[in-house]
Amino acid sequence: MSANHMTPGEIVSELDKFIIGQNRAKRAVAVALRNRWRRQQVAEPLRHEIHPKNILMIGPTGVGKTEIARRLAKLANAPFIKIEATKFTEVGYVGRDVDTIIRDLTEYSIKQTRELEMRRVRSHAEDAAEDRILDALVPPPRGASGEPERGEDNSARQTFRKRLREGKIDDLEIEIEIAQPMPQMDVMTPPGMEEMAEQLRGMFAGLARDKKKSKKIKVREAFKLIVEEEAAKRVNEDDLRAAAITNVEQNGIVFLDEIDKIAARQETGGADVSRQGVQRDLLPLVEGTTVNTRYGMVRTDHILFIASGAFHLARPSDLIPELQGRFPIRVELDSLSAEDFVNILSETDASLIKQYTALLGTEDVKLEFTDDGIRRLAELAFSVNERTENIGARRLYTVMEKLLEELSFDASANSGEVITIDAAYVDLQLAETAGSQDLARYVL
């Protein structure tokens, strides 16, 4: 089910499968997504006046800001882009300008819409691919116009069709005409000239379009290539572009990470002009403007912007007032406790424990984590965070990697064994490293 049709409670329940705690942030993004659906039910002209309420997430690193955005993207099945605010420079300076955010979002939407359309016409494309392969195996008689006249009463053709569907002639080589793939042009351009590079790539790709070449390949490979070619023929490019642009305008989500890095403190100098310039350039995008892309004009009035930052050295109030006003919903994310680490390791759907168990299971090594082992692992990770840099849940990656380092290296030698990871095993592998502040700082 698409998140656009889910209630806020259902969206939060889905996010709970992957993210521990942070209920305020989950509720905020769930309501924002549900408001998308609500707006679509409102009649015009009022619908056009209802704008999304952008969200600012504030919290230390590793507490789930990016993960909430990543999971939301999968759940929403909408055009989504995550970008670092620090990658952009003020218009007029060397570097990328903020309009490329919308261009990249539109590119993603085009790709997403094309995949959807290709799936829709796939069954017809497969039928056409079958016929073209059978034409190569059993050439049909040609009519007065020179076109092949396919008749299903041909017993040889029917026999080959049956064998083709059963996969019995997959390794048979046939000679067939297929469209040449578009050349991959690598156009080197200075920063900020990405649009020109895209136009040049499109021009060179257009030169090779519709050119066909006779190739001798196996039936299995030919079928895949012809299905793609036939599906592309059945997709109307103009309709696809219009649908993709509408999808961006009505359902697009932009996640602006590290926005605190472009917030200038009053007492600092130097790069402040450029930072404030990026903020000023973001203003029209967030408020609503029209951006020119290679597929047409895109309005940003109803695109949802979610910004996030740790705000260690700066405060949200250090953003220019106009930009502060464009993010009316602010949610603070909590620092993670040792108990949260236990839940992250044991309760999430794709926990690190499940990942490592599956990875080593491919070499017939069975890992069994006990409750006291999980708790000890969480306590050590939390302790290292407290004594060194606090990187939140990301500390679990480094601790888990160190814990299973020897086991991963010698996995093939331990094939068929059951390894129990309890508190004693965790202490044996990690206690010395975690206990020494110097070692913990550089190893964990």
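Cβ atoms are placed via backbone N, Cα and C, with glycine included.
Copied from Swiss-Prot, the annotated features are:
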- Ile20, Gly62, Val63, Gly64, Lys65, Thr66, Glu67, Asp257, Glu322, Arg394: ATP binding site (BINDING)
- 130-158: region 'Disordered' (REGION)
Mind telling me which of the binding-site residues Ile20, Lys65, Glu67 has the densest Cβ neighbourhood, counting other Cβ atoms within 10 Å?
-> Lys65
Mapped DSSP class for Val63 (ATP binding site), helix or strand or coil = coil
Among the binding-site residues listed here (Val63, Glu322), identify the one with the smallest other-Cβ count within 10 Å.
-> Glu322
Compute all pairwise C-alpha distances among Ile20, Gly62, Val63, Gly64, Lys65, Thr66, Glu67, Asp257, Glu322, Arg394, the residues listed as binding ATP, and give the largest one in whole angstrom.
-> 34
Using DSSP and three states only, what is Ile20 (ATP binding site)?
-> coil
So, in DSSP terms, is Glu322 (ATP binding site) helix, strand, or coil?
-> helix
